[in-house]
Amino acid sequence: LFREYGVRYLTMAKMTEMGFTANTLINMTEEEVDDLMKTLVEIYRMDLLLGERYGIKSAIRAEKKRLQDSLEMQKLELLSETERKRIQDDQNTFAVAMASEGTSKDVRASDQLILPESASADHAPLNINTCKGGLIIPYNNNNGNLCGSGLMGMPEHSSESDERKIDSSKQKRRRSKETGEDGEDRPREHPFIVTEPGELARGKKNGLDYLFDLYEQCGKFLLEVQRISKERGEKCPTKVTNQVFRHAKYTGAVYINKPKMRHYVHCYALHCLDNEQSNHLRRIYKERGENVGAWRQACYYPLVAIARENNWDIEGVFNRNEKLKIWYVPTKLRQ
């Protein structure tokens with residue numbers, strides 16, 4: 001360990017006499033090596049030369065680095081070996097896939113449910129949806145979403161790459177579905193658009209009058225939950241909580257969900273506190289052709305002004321309003 005590092009035999013013999021070995025010294029920290037040399041000087045009255053002090057430390061550092069480099073090389077060799085195996089496996093899999101590609105292409109070409117990408121949409125049958133790659137997948141009535149189990153005419157001996165693509169598309173569709181508060185899948189709602197008071201949204205859109213009506217419905221569901229809780233002798237909620245949303249879903253109002261209702265609480269608050277200002281904002285943003293997100297953001301500023309007039313007591317503003325007192329103040333508005 002100390003060869004060519006200028007450590008005298010007398011010093012090495014004393015360290016051996018103290019019970020130190022090469023392995024012990026290599027596994028010691030810098031502070032522990034300093035303590036060793038301090039013990040040699042103060043207790044055993046050794047006259048350590050300056051070069052010996054540096055030599056002991058340098059030798060230990062060099063051996064540690066050598067062992068570490070050796071360990072890293074072993075790891076790299078193991079990794080390279082497994083990498084070679086993986087590449088070979090991939091090549092074998094690719095060869096099998098290429099061999100089976102011809103038969104799978106023949107079957108797909110003869111399959112009536114698979115159309116070429118250049119085919120026009122007019123030739124597609126009704127009540128089906130087209131996914132990437134020209135696959136025609138029937139509409140699944142169970143959950144209203146595309147389901148891989150509905151594939152018809154797909155050859156069993158299709159390549160593994162095709163199966164992986166189908167599995168990945170399933171996962172993407174599963175992630176794209178919105179989930180309710182209890183983690184279950186629920187149908188996606190139609191998007192909201194900015195509408196003037198009394199205006200009905202066209203097509204598969206929802207207007208703002210419909211949005212505000214949902215809050216009125218939540219108030220009625222809260223009354224039902226309070227009545228049921230009193231009959232059962234349970235704790236009675238005073239605000240719209242998860243229990244109210246669960247009750248709404250249980251009664252069939254699946255279009256009412258917690259994330260959506262919490263998202264627009266401050267818009268409904270402006271509608272209740274200053275209906276004239278709310279209607280004015282709706283008209284302006286409708287004329288500009290702004291989306292519902294810009295209108296939602298603009299609803300914050302009049303509420304901040306109302307809070308300023310009430311000594312920043314936004315909680316009190318909500319509680320003093322008959323319709324708003326059942327709703328929690330949004331965190332962003334409170335901030």
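In case you wondered, yes, glycine gets a Cβ from its N, Cα and C as well.
Quick look at what TrEMBL lists:
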type	residues	note
DOMAIN	1-71	domain 'Floricaula/Leafy protein SAM'
REGION	150-196	region 'Disordered'
COMPBIAS	157-170	compositional bias 'Basic and acidic residues'
COMPBIAS	177-191	compositional bias 'Basic and acidic residues'
DOMAIN	179-335	domain 'Floricaula/leafy DNA-binding C-terminal'
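Across the domain 'Floricaula/Leafy protein SAM' (1-71), DSSP helix (H, G, I), strand (E, B) and coil residues number 49 helix, 0 strand, 22 coil. Here the domain 'Floricaula/leafy DNA-binding C-terminal' (179-335) has a mean pLDDT of 82 out of 100.
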